[in-house]
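Reading through the structure tokens given below for one structure.
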């Protein structure tokens with residue numbers, strides 16, 4: 001049966017369970033942080049606002065993105081020559097890219113939320129109603145699921161021959177496409193188009209939102225008002241940078257970095273899937289007093 005061999009970090013013993021200890025700690029921190037964040041938003045009445053509803057959706061996307069890689073990442077360091085059946089690899093690839101597209105869409109919605117809060121604060125409640133946030137969340141999830149579905153369908157028909165060793169401990173579209181021996185142009189061009197239409201347009205929308213926010217803030221005379229406006233955007237800016245920097249770097253390396261050592265794409269892929277889910281709850285807990293207070297009460 002068609003299967004793919006997963007690889008770990010180059011230079012690290014594959015079959016050593018001790019190599020999985022740092023990864024286990026990161027996954028536990030991710031689970032604890034995002035679950036505490038979801039509980040704090042649910043329990044604190046003051047956080048029942050569009051901004052924190054979108055934050056809850058971001059935490060759910062982070063959980064989905066990390067949990068769909070957890071079994072294979074830990075298995076690689078505990079079982080030598082871990083093989084993943086083709087259908088399981090295809091399903092994992094689909095969910096990784098779907099949750100990634102959902103997270104990108106949530107970041108756009110949060111950028112629009114910050115734009116309305118800073119530039120039109122008096123209309124915030126009327127523009128961003130609960131029903132609008134619910135519809136936007138459903139649309140974001142539907143867009144991610146439908147955009148990635150043709151990628152999985154095209155990959156399911158692809159023939160594979162020769163060595164079937166992946167570059168990571170999970171399945172990514174670019175990595176699987178590299179091992180195909182048929183005509184990969186339709187899948188490659190659609191995958192590139194899907195990335196441009198989701199993450200490319202999303203990043204431009206976020207950039208436009210912050211250009212408008214910056215123009216509105218710089219037009220404010222009071223330095224105190226400027227500092228307060230900027231402080232409301234710090235957490236979202238950190239989440240955007242944590243998500244897009246590893247993602248863009250990984251895409252560039254997969255397409256143009258064939259001469260780089262294998263360690264570079266491996267570390268970037270791990271950072272892309274683990275760093276945002278681990279650090280996002282820490283950033284929002286540090287900057288938001290009600291979330292910090294609720295989490296401290298839960299832990300104590």
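Easy rule for this one: first residue shown is 1, then count along the chain.
A Cβ is built for glycine as well, from the same backbone N, Cα and C atoms used for every other residue.
Of the given residue ranges 54-82, 170-198, TrEMBL assigns the label transmembrane segment to 54-82. If you take every residue in the domain 'G-protein coupled receptors family 1 profile' (33-284) and average the pLDDT, you get 85.
Through the fold, the transmembrane segment (233-257) approaches residues 58, 100, 103-104, 107, 110-111, 114, 118, 172, 174-175, 195, 199, 203, 206, 210, 213, 264-265, 268-269, 271-272, 275-276, 279-280, 283-284, 287-288 of its own chain, all at least 6 residues removed from its boundaries and within a Cβ separation under 8 Å. Here the transmembrane segment (94-112) has Cβ contacts under 8 Å with residues 51, 54-55, 57-58, 61-62, 64-65, 68-69, 133, 136-137, 139-141, 143-145, 147-149, 151-152, 170-173, 194, 198-199, 202-203, 205-206, 209-210, 236, 239-240, 243, 247, 273, 276 of the same chain, all six or more residues outside its ends. Sequence-distant contacts of the transmembrane segment (54-82) (same chain, six or more residues past either end, CB-CB distance under 8 Å): 5-8, 12, 14-17, 19-20, 23-24, 27, 30-31, 34-35, 37-38, 41-42, 92, 95-96, 99-100, 102-103, 106-107, 109-110, 113, 133, 137, 140, 169-171, 239, 273-274, 276-277, 280-281, 284.
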